[in-house]
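Working notes, beginning with the structure itself.
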Amino acid sequence: MSKYVVALDQGTTSTRCMLFNKRGETAASHQLEHRQICPQSGWVEHDPLEIWRRVEEVIRGAMGKAGVAARDLAAIGVANQRETTLVWNRNTGEPYCNAIVWQDTRTDLICAQLAERGGQDRFRQKTGLPLATYFSAPKIRWMLDAIPGLRRDAETGEALFGTMDSWLIWKLTGGPSPAAAHVTDVTNASRTMLMNLKTLQWDNELLAAFDIPRAMLPAIRPSSDSAFHGLTRADGPFGGEAPICGVLGDQQAATVGQVCFDVGEAKNTYGAGCFMLLNTGVEVVQSKHGLITTVCYQFGGNPPVYALEGSVAIAGALVQWLRDRMQLIDSAADVERLASLVPDNGGLYFVPAFSGLFAPYWRSEARGLIIGLTSFIDRGHFARAALEAAAFQTREVADAMASDSGVPVTALKVDGGMTANDLLMQIQADVLGAPVTRPKVSESTALGAAYAAGLAVGYWSGIEDLRRNWSVDRTWRPSVDDTLRVKNYTMWKKAVSRTFDWIE
Ligand SMILES: Nc1ncnc2c1ncn2[C@@H]1O[C@H](COP(=O)(O)OP(=O)(O)O)[C@@H](O)[C@H]1O
Ligand SMILES: O=P(O)(O)OC[C@H](O)CO
């Protein structure tokens, strides 16, 4: 019997490889960051070959720490930053350019032109998404327009498009050998703006509207698939053949890792951004309050399960910005120590609209601001305001979820890199006025990808097995009164309104 299921979590800021046992416990883990490339204002890129090298290193690192070989693995699951767009050559394996990251706003004009007919919600009925720079289709279109010869290669199928899952699976299964798998799963496909949410197929009307050739697109598969997505190559980083049977966008993976399998169950993940997903079952529910509709998961031949999502572009990325660009702190963890030096924000609000504002506003012309500056403000207030920004943005999407579902958020399951920050967790409970619970395995994204893979090969027999694995690490309860909570949130909303209409 195989000992472990392995998960790759290719995130916005870093890549992890984690091995899990049957109880969902971590047997080994290895993680590496990659560069955030910002060539001009509003542009964010990743180097696909650098990310592939990180993937190779973390796989070898985690397998080495656990002392296992490919034959010890029951299955492989992949979770990935969603929407980030890559195009590479099938014959050479060379990317045509850097990946355009989900936070990148260069496609503003493409989106605005498409919205001239039908408005921002022109494709929402089919895709669940507003026309926004966030999603893949405008990014593919930008590449097709900007890179000489790419459209010709795309039309013949020599140029391949993929989100990060497709790229990594193609590499792991031997690309550029002709046998390499060019696939994606329904959750990742639902973020491209090219898939019809109901048919789970690429949609001709959408392809025509964005002018994207079908020949460059991957095959769409279930998230958990016993007829696996591909077999790893013996000469690759796993050092042997193992089946890739689980693929999920990272936020959907975290929803699975947090065992939100019932309608009405939700989780919030704090990574580079912040993403709250609410399981809405097998029905497509359209939001009236600025959320998006997305495929949550599809296990084998079962009907897909959908979710409402509140996507916040900048959360942990703001902490990283304080570290790398402002050099206010040496490590992300330092922000907690600095923020703990002050009892409150001292009247300072930091709205990190670096990529415009996502949910619930969808304002691409907004830009970040810091407001409330007085001579009293010091570095501690900056750190505190940066943490509060994640908590206030989460409150806004929680309010939108409550309005859409008619049920208030009375408790929140959380995970992701930022939840290591205990002060942030207390701030979140205070801002929300509801308890916040972190599970023992806070790497829910990797765990969810492992679950999808393990379910496909019978390593876990069903979702009841997975539910038994979930347990509480710690819960934070609100510690401020309602008057203060309302006052602070009102000031936050006022600060947000000042970011609007900044870009002409
Ligand atoms: N102790 C901490 N306090 C605040 N933010 C943190 C802390 N540790 C990590 N982060 C932030 O969390 C993010 C990393 O979380 P992770 O879940 O790995 O994200 P991703 O999947 O986006 O790469 C980074 O943006 C980092 O700045
Ligand atoms: O890499 P993360 O965890 O910040 O997640 C990024 C999201 O998938 C973007 O939609």
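Glycine residues also receive a Cβ, built from the backbone N, Cα and C atoms like all the rest.
Note that TrEMBL annotation is computational and uncurated.
Taken verbatim from TrEMBL:
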type	residues	note
DOMAIN	4-257	domain 'Carbohydrate kinase FGGY N-terminal'
BINDING	Thr12, Thr13, Ser14, Gly316, Gln320, Gly417	ATP binding site
BINDING	Thr12, Arg82, Glu83, Tyr134, Asp250	sn-glycerol 3-phosphate binding site
BINDING	Thr12, Arg16, Gly316, Gly417, Asn421	ADP binding site
BINDING	Arg82, Glu83, Tyr134, Asp250, Gln251	glycerol binding site
DOMAIN	267-456	domain 'Carbohydrate kinase FGGY C-terminal'
Neighbours of Thr12, Thr13, Ser14, Gly316, Gln320, Gly417 excl. site residues, C-beta within 8 Å of centre, ATP: Gly11, Glu33, Gly271, Ala272, Ala317, Ala332
Gln320 (ATP binding site): tally of other CB atoms within 10 A of its CB: 20
Shell of the glycerol site beyond Arg82, Glu83, Tyr134, Asp250, Gln251, same chain only (C-beta within 8 angstroms of their C-beta centre): Gln81, Thr84, Trp102, Arg191, Gly249, Phe275, Ser311
Long-range Cβ environment of Arg16 (ADP binding site), under 8 Å and at least 6 residues apart: Ala7, Leu8, Asp9, Ser29, His30, Gln31, Val58, Glu443, Ala446
Cβ neighbour count within 10 Å of Gly417 (ATP binding site): 23
Entries of Arg16, Tyr134, Gln320, Gly417, Asn421 (binding-site residues) sitting next to ligand 2, with Cβ under 6 Å as the cut-off: none
Candidates Ser14, Gln251, Gln320, Gly417 (binding-site residues) - the one closest to Arg82 (sn-glycerol 3-phosphate binding site) by CA: Gln251
Filtered binding-site residues, from Thr13, Glu83, Tyr134, Gln320, whose Cβ is under 6 Å from an atom of ligand 1: Thr13, Gln320
